[in-house]
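A.B. asks: Just passing along the structure, written as structure tokens.
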Amino acid sequence: MALVSILPLSSKSVLHKSWIVSTYEHKAISRTIPNLGLRGRGKSVTHSLRMSLSTAVSDDHGVQRRIVEFHSNLWDDDFIQSLSTPYGAPSYRERADRLIVEVKGIFTSISAEDGELITPLNDLIQRLLMVDNVERLGIDRHFKNEIKAALDYVYSYWNEKGIGSGSDSGVADLNSTALGFRILRLHGYSVSSDVLEHFKEEKEKGQFVCSAIQTEEEIKSVLNLFRASLIAFPGEKVMEEAEIFSKIYLKEALQNIAVSSLSREIEYVLEDGWQTNMPRLETRNYIDVLGENDRDETLYMNMEKLLEIAKLEFNIFHSLQQRELKDLSRWWKDSGFSHLTFSRHRHVEFYALASCIETDRKHSGFRLGFAKMCHLITVLDDIYDTFGTMEELELFTAAFKRWDPSATDLLPEYMKGLYMVVYETVNEIAREADKSQGRETLNDARRAWEAYLDSYMKEAEWISSGYLPTFEEYMETSKVSFGYRIFALQPILTMDVPLTHHILQEIDFPLRFNDLICSILRLKNDTRCYKADRARGEEASCISCYMKENPGSTEEDAINHINAMVNNLIKEVNWELLRQDGTAHIACKKHAFDILKGSLHGYKYRDGFSVANKETKNWVRRTVLESVPL
């Protein structure tokens with residue numbers, strides 16, 4: 001949401017204290033943002049250890065402002081700069097490369113079918129398990145050709161009833177079919193969810209065939225059924241039934257089986273599923289699971305080699321993460337963000353999110369660009385939400401549209417520094433994107449920013465006038481103000497996938513794929529943040545708008561309705577991501593989708609971006625700050 005303007009800011013009350021060395025000094029990322037030493041009743045406004053309700057304070061000119069006391073930055077620059085790791089040494093890369101060659105040989109041996117370990121009775125499931133393991137371990141980029149060959153082979157035996165464990169299997173089984181369905185659908189093969197109908201109980205509606213005793217083999221089959229059910233398309237009723245059935249079954253199984261690698265796997269799959277499971281976080285979890293595995297299911301595969309590659313790759317990338325994080329922290333410190341006492345500082349968390357989404361070493365531009373854009377819109381969100389006055393916001397929005405450093409002349413001092421950091425950072429990322437795309441990209445970014453700030457101004461007008469919009473009107477504006485286009489568009493353009501204007505339209509606003517993602521993020525954000533927003537005087541949310549249009553409904557009714565909307569929209573996103581009639585490169589759509597997954601991960605229980613809670617700190621630690629034991 002945007003600002004409540006408690007008192008209008010007159011031209012005489014513009015902050016005049018000079019905190020910036022030179023307004024027109026254009027050295028990249030050198031702009032210093034002022035330390036706003038606001039005082040309320042003689043006390044400095046400082047960070048608290050938790051997020052609290054807004055506090056009204058007055059600046060030196062008597063302008064009342066609202067301050068939300070967010071907890072301070074958890075990862076100071078001294079700590080970040082002190083990080084070290086040995087895994088940047090060439091010997092680790094050389095060891096990983098040797099193992100990659102050996103694993104390519106494992107793929108070849110599976111294809112050879114030696115008649116002893118690999119036979120026509122298990123050749124399909126072994127190919128699927130191999131593909132599933134390398135993907136969950138985050139090392140699949142090394143085996144693209146081998147994966148394609150394995151899946152082409154499996155698909156050649158796919159039929160309307162699914163598949164069995166081998167090419168000579170006479171009967172389809174649930175485990176092979178569910179695992180095969182999931183992997184094939186994710187790789188763009190045409191597979192119908194109707195195959196799952198053949199595994200349902202004839203007499204029990206919504207139930208699937210299972211024995212009275214939960215054997216380990218059966219539990220694994222139902223686990224793969226659950227994983228498959230999460231990539232449902234709209235209208236697939238059998239997928240809904242499969243999700244409900246398998247979730248209940250697996251929760252019961254956890255009560256009955258001993259703590260083991262299987263129970264750990266069930267727990268993390270139920271916890272993060274598909275929509276909130278970021279690639280690097282899944283890799284970290286699966287490394288832990290396989291580290292405890294008794295290896296009985298890997299009789300025909302050398303899992304030790306796969307696991308060692310995964311650990312080496314994880315730690316080698318960890319050394320790159322440290323270098324990038326140090327660069328980001330210096331940018332944050334040198335730009336003066338630490339002096340903004342009214343704003344959240346979550347740049348480390350945003351970098352962790354970016355590096356959980358994109359783990360290719362050559363895409364540093366994506367990770368750093370994503371983290372910087374997220375941090376910038378967080379600061380702007382806090383200004384438009386609480387700190388700025390209406391006149392200041394109008395001035396800033398108008399200055400931004402001019403896109404010229406001289407436009408800062410009329411801005412208050414604290415906005416001048418911020419404007420220049422935004423200006424320089426957007427231009428910096430645009431230059432990198434221009435090289436990747438072979439064309440000018442700044443105008444794409446500027447259009448996204450202008451729409452973003454316009455949506456903030458619309459929300460500011462609602463609040464200042466006390467207007468509560470209709471649900472539809474609210475969503476049209478607020479799905480833009482979430483800022484997805486800002487932190488997704490430019491970083492994606494820095495990647496080495498050429499995106500013409502025509503192709504870009506498939507993943508950018510207002511096309512369906514982008515619109516769905518923006519809607520999901522706004523709806524999920526509101527279910528986690530509406531109480532805190534309301535306490536700060538920001539009434540409009542999807543919850544309050546729904547209740548206005550449905551007299552007599554409760555907050556619980558509204559939240560249930562919104563969650564149902566999100567579930568349906570996610571199915572539509574699945575379809576838009578995986579459908580084969582689009583022209584956009586699947587890798588770009590996948591990155592956009594992974595950004596959605598990462599954002600939803602932060603909203604699983606609460607607003608994990610405003611308040612870096614235990615869960616947030618844990619995944620930052622496990623995916624960025626710590627290596628895995630070899």
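Every residue, even glycine, has its Cβ placed from backbone N, Cα and C.
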A.B. asks: May I ask you to indicate which of 86-90, 381-385, 391-395 is given in Swiss-Prot as motif 'DDXXD motif'?
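C.D. replies: Spelled out, Swiss-Prot records motif 'DDXXD motif' over residues 381-385, not the other listed ranges.
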A.B. asks: List the Cα distance (Å, whole number) between Asp533 (Mg(2+) 3 binding site) and Asp381 (Mg(2+) 2 binding site).
C.D. replies: 12
A.B. asks: Helix, strand, coil: count each for the residues of the motif 'DDXXD motif' (381-385), based on DSSP.
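C.D. replies: Counting residues by DSSP class gives 5 helix, 0 strand, 0 coil.
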A.B. asks: Given a 10 Å Cβ-Cβ cut-off, pick out the one of the binding-site residues Asp381, Asp385, Asp533 that has the most other Cβ atoms nearby.
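C.D. replies: Of Asp381, Asp385, Asp533, the one with the most crowded Cβ is Asp385.
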A.B. asks: How big is the Cα-to-Cα gap, in Å, between Asp385 (Mg(2+) 2 binding site) and Asn525 (Mg(2+) 3 binding site)?
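C.D. replies: That comes out at 15 Å between the alpha carbons.
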